[in-house]
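Peer 1: According to Swiss-Prot, the feature Zn(2+) 1 binding site maps to Cys225, Cys227, His249, Cys252, an assignment based on similarity to another entry. The coiled coil annotation in Swiss-Prot covers 35-86. If you look up Swiss-Prot, you'll see Ser183, Ser188 marked as phosphoserine. Feature annotation from Swiss-Prot assigns site 'Histone H3K4me3 binding' to Tyr224, Met235, Asp239, Trp247; the stated evidence is similarity to another entry.
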Amino acid sequence: MDPSLVLEQTIQDVSNLPSEFRYLLEEIGSNDLKLIEEKKKYEQKESQIHKFIRQQGSIPKHPQEDGLDKEIKESLLKCQSLQREKCVLANTALFLIARHLNKLEKNIALLEEDGVLAPVEEDGDMDSAAEASRESSVVSNSSVKKRRAASSSGSVPPTLKKKKTSRTSKLQNEIDVSSREKSVTPVSPSIEKKIARTKEFKNSRNGKGQNGSPENEEEDKTLYCFCQRVSFGEMVACDGPNCKYEWFHYDCVNLKEPPKGTWYCPECKIEMEKNKLKRKRN
């Protein structure tokens, strides 16, 4: 593989990104303007009701209160819809970057393996956001099997670095794992399947575990979620049996807190609905 060809191909691949980003940002800006207008509408109607209550008291009902309430709810629903559209547009932009970046990183790795490109020497003292994002530590497939085996025997490993054992937490960089280690309540396999699983992925910059010894877990470079990036921060697992993404970043699926019960990603929900329709037709 020729580095010059890789560079040329990468430049060609990203040549349309500026126009694509311009369109996405214009759409987000347009939705922002619509949001402002809708907000003005429902705030105006709310002020009418509050003004009447201040003048007449809370006992008498505003003559147009039912109509105003209906219009306020419609405006709020419209705002919610616009916000969702903005999230989809923003995630689309993120996906475009992640896709091109992932392809570039794979090509760089191939060039390094072929010996035509010198590996990048990482400075242990460098404290940049780029380094932190590339060093995000995730669990390997072997650790998943170990955790499942422990769960079947009625116990759960105490460390939060095992996959699918932590309910909630935040991304942490350069911390002492022992100071943040939390206990986990044992969960039986039957109950575990019914719980929407969430996971925290930590990054230990110095590569040491609780006792200062090198970590035995291999770095998992598997790509998850719609954005096709590695695991980091707060993530939730899809309970769909055939989900091709498995894990999702909270921001990519518009989650702020762990879902209760089983949770399915948008694609699995659509697939489930299709299967229901097929069964009804048959």
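Placed from the backbone N, Cα and C atoms, the Cβ positions cover glycine too.
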Peer 1: Counting across all protein chains shown, how many other Cβ atoms sit within 10 Å of the Cβ of Cys225 (Zn(2+) 1 binding site)?
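Peer 2: Cβ-Cβ neighbours of Cys225 (Zn(2+) 1 binding site) within 10 Å number 25.
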Peer 1: Let me know how many other Cβ atoms fall within 10 Å of the Cβ of Cys252 (Zn(2+) 1 binding site).
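Peer 2: For Cys252 (Zn(2+) 1 binding site), the 10 Å Cβ neighbour count is 21.
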Peer 1: In the same chain, which residues outside the set Cys225, Cys227, His249, Cys252 have their CB within 8 A of the centroid of the CB atoms that define the Zn(2+) 1 site?
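Peer 2: Filtered neighbour residues, in order: Asn91, Leu94, Tyr224, Phe226, Gln228, Arg229, Phe248, Asp251, Val253.
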Peer 1: Mind looking up the mean pLDDT for the coiled coil (35-86) in the predicted model?
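Peer 2: For the coiled coil (35-86), the model's average pLDDT rounds to 86.
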Peer 1: List nothing but the one residue from Cys227, Met235 whose Cβ has the fewest other Cβ atoms within 10 Å; the candidates are the recorded positions.
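Peer 2: Minimum Cβ neighbour count within 10 Å, taken over the recorded positions Cys227, Met235, occurs at Cys227.
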Peer 1: Hey, of Cys225, Cys227, His249, which of those binding-site residues are within 10 Å of Met235 (site 'Histone H3K4me3 binding'), Cα to Cα?
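Peer 2: Correct set: Cys225, His249.
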Peer 1: Tyr224 (site 'Histone H3K4me3 binding'): which of the recorded positions Asp239, Trp247, His249 have a C-alpha within 10 angstroms of it?
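Peer 2: Those near Tyr224 (site 'Histone H3K4me3 binding') - Cα within 10 Å - are Trp247, His249, in sequence order.
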